[in-house]
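Asker: First the structure, then my questions, so here it is.
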Ligand SMILES: C[S@@+](CC[C@H](N)C(=O)[O-])C[C@H]1O[C@@H](n2cnc3c(N)ncnc32)[C@H](O)[C@@H]1O
């Protein structure tokens with residue numbers, strides 16, 4: 001019988017392997033980090049999973065600048081998908097951004113290029129460290145994204161997006177009871193930008209350990225993401241929350257007095273919506289269906305559509321969107337959004353409100369959808385106080401990118 005002996009891998013190597021798998025999933029297969037996490041981090045546990053995620057996310061956030069450093073230190077450019085390049089990217093991001101001592105950053109990466117260009121990786125990393133390499137204060141966007149956003153929104157927006165990548169995003173909370181804003185701001189040590197909102201910046205305890213989490217006094221929601229339900233406001237009638245899971249906007253509507261029907265097709269995401277409702281003791285009727293095969297029994301006073309989209313507006317927390325969202329994907333999603341929007345418009349009572357939102361920075365998923373709806377249906381008008389386009393830097397201290405249209409159905 002043959003005996004196999006496996007030398008244990010040096011500490012920290014499986015975590016770096018998981019980080020490389022996450023980066024590959026995004027860059028080669030166009031997957032989101034979130035979708036790739038279970039398979040890529042299968043062999044790592046506890047806090048190491050978080051570390052693998054952080055290394056991958058930080059690498060994707062700073063990818064063009066890391067590649068510029070690597071290209072400046074190699075005689076012949078490494079192919080974009082070479083393992084040596086990804087190994088160098090994660091060694092550099094740890095040393096230059098995450099505060100890992102350089103010897104540890106390289107020692108945990110070299111075993112991953114064993115049998116390959118180990119010496120090259122070691123040499124390039126050493127050269128860059130000895131030369132005092134640094135990353136620019138204003139991170140570069142991938143060229144295709146910068147071009148697309150420059151064409152749509154101008155240079156100022158591109159610079160605001162770059163600044164947003166550099167700053168760690170704050171933690172925004174939405175309160176179930178806006179009249180307690182001052183009290184919760186003080187208890188949590190935060191600041192408030194509007195009633196019902198508290199923002200925490202800098203270090204804080206894990207979310208589930210913060211005061212008020214267990215009793216459901218608030219939920220995590222970027223301030224821009226809270227604007228669609230705010231556009232509907234308080235009410236006693238029936239509100240349809242379409243594409244509702246995991247329920248940020250359902251909870252806002254329920255807390256504002258509406259009888260809410262929350263509709264989504266995803267079982268997993270609806271599970272999180274139910275947990276959120278349970279924790280906050282808020283009520284909603286939950287329906288799991290594909291919206292394209294469903295219609296409500298009766299029209300509603302308010303309809304909110306938080307449509308599935310490219311999510312390019314949430315690039316600060318999900319930097320994978322900068323690398324995997326391409327015009328063809330945007331066009332496909334825009335087609336789905338148009339179908340959902342046209343169906344849902346018919347579910348609004350005369351005199352009622354329709355709010356359409358996407359966390360996207362692509363005009364095709366925002367402005368163009370509403371222009372098309374208004375061309376198609378003359379029974380809707382855009383409200384004067386419609387929030388419209390929310391670009392990075394719109395709200396002091398940072399915000400996700402969003403498009404929000406608030407429309408009235410004529411009587
Ligand atoms: C932007 S997310 C919703 C976020 C949610 N409104 C919140 O505030 O927490 C979009 C949602 O649309 C759902 N979705 C996508 N296509 C759908 C369809 N055809 N029918 C129903 N739900 C759909 C997805 O499952 C996803 O949960």
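Keep in mind that glycine also has a Cβ here, set from the backbone N, Cα and C atoms.
From TrEMBL, here are the annotated features:
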- 146-410: domain 'SAM-dependent MTase RsmB/NOP-type' (DOMAIN)
- 243, 244, 245, 246, 247, 248, 249, 264, 306: S-adenosyl-L-methionine binding site (BINDING)
- 263-290: coiled coil (COILED)
- 359: active site, nucleophile (ACT_SITE)
Asker: Measure from the CA atom of residue 359 (active site, nucleophile) to the CA atom of residue 249 (S-adenosyl-L-methionine binding site) and give the result in Å, rounded to a whole number.
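Answerer: Cα-Cα, rounded: 13 Å.
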Asker: Please identify, from the recorded positions 243, 359, the residue with the sparsest Cβ neighbourhood, meaning fewest other Cβ atoms within 10 angstroms.
Answerer: 243
Asker: Using a Cβ cut-off of under 8 Å, list the residues of the same chain at least 6 residues beyond the coiled coil (263-290) that approach it.
Answerer: 176, 213-214, 216-217, 219, 240-248, 250-251, 253-255
Asker: An 8 Å radius from the center of the 243, 244, 245, 246, 247, 248, 249, 264, 306 Cβ atoms defines the neighbourhood of the S-adenosyl-L-methionine site; name the other residues of that chain inside it, in order.
Answerer: 241, 250, 262, 269, 273
Asker: Listed binding-site residues are 243, 245, 247, 306; which of them have CA atoms within 10 A of the CA of residue 359 (active site, nucleophile)?
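Answerer: For residue 359 (active site, nucleophile), the binding-site residues whose Cα atoms are within 10 Å come to 306.
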Asker: Give me the non-local Cβ neighbours of residue 245 (S-adenosyl-L-methionine binding site): same chain, 6+ apart in sequence, Cβ-Cβ under 8 Å, ordered along the sequence.
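Answerer: Within the chain, residue 245 (S-adenosyl-L-methionine binding site) has Cβ neighbours under 8 Å at 262, 264, 266, 269, 270, 272, 273.
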Asker: If H, G and I count as helix, E and B as strand, and all else as coil, what does DSSP give for residue 249 (S-adenosyl-L-methionine binding site)?
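Answerer: Note: residue 249 (S-adenosyl-L-methionine binding site) is helical by DSSP.
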Asker: Of all the binding-site residues given, 247, 249, 306, which has the fewest Cβ neighbours within 10 Å once its own Cβ is left out?
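Answerer: Counting other Cβ atoms within 10 Å of each of the binding-site residues 247, 249, 306 gives the minimum at 306.
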Asker: Mind computing the max CA-CA distance among 243, 244, 245, 246, 247, 248, 249, 264, 306, which the record assigns to S-adenosyl-L-methionine binding, rounded to whole Å?
Answerer: 13
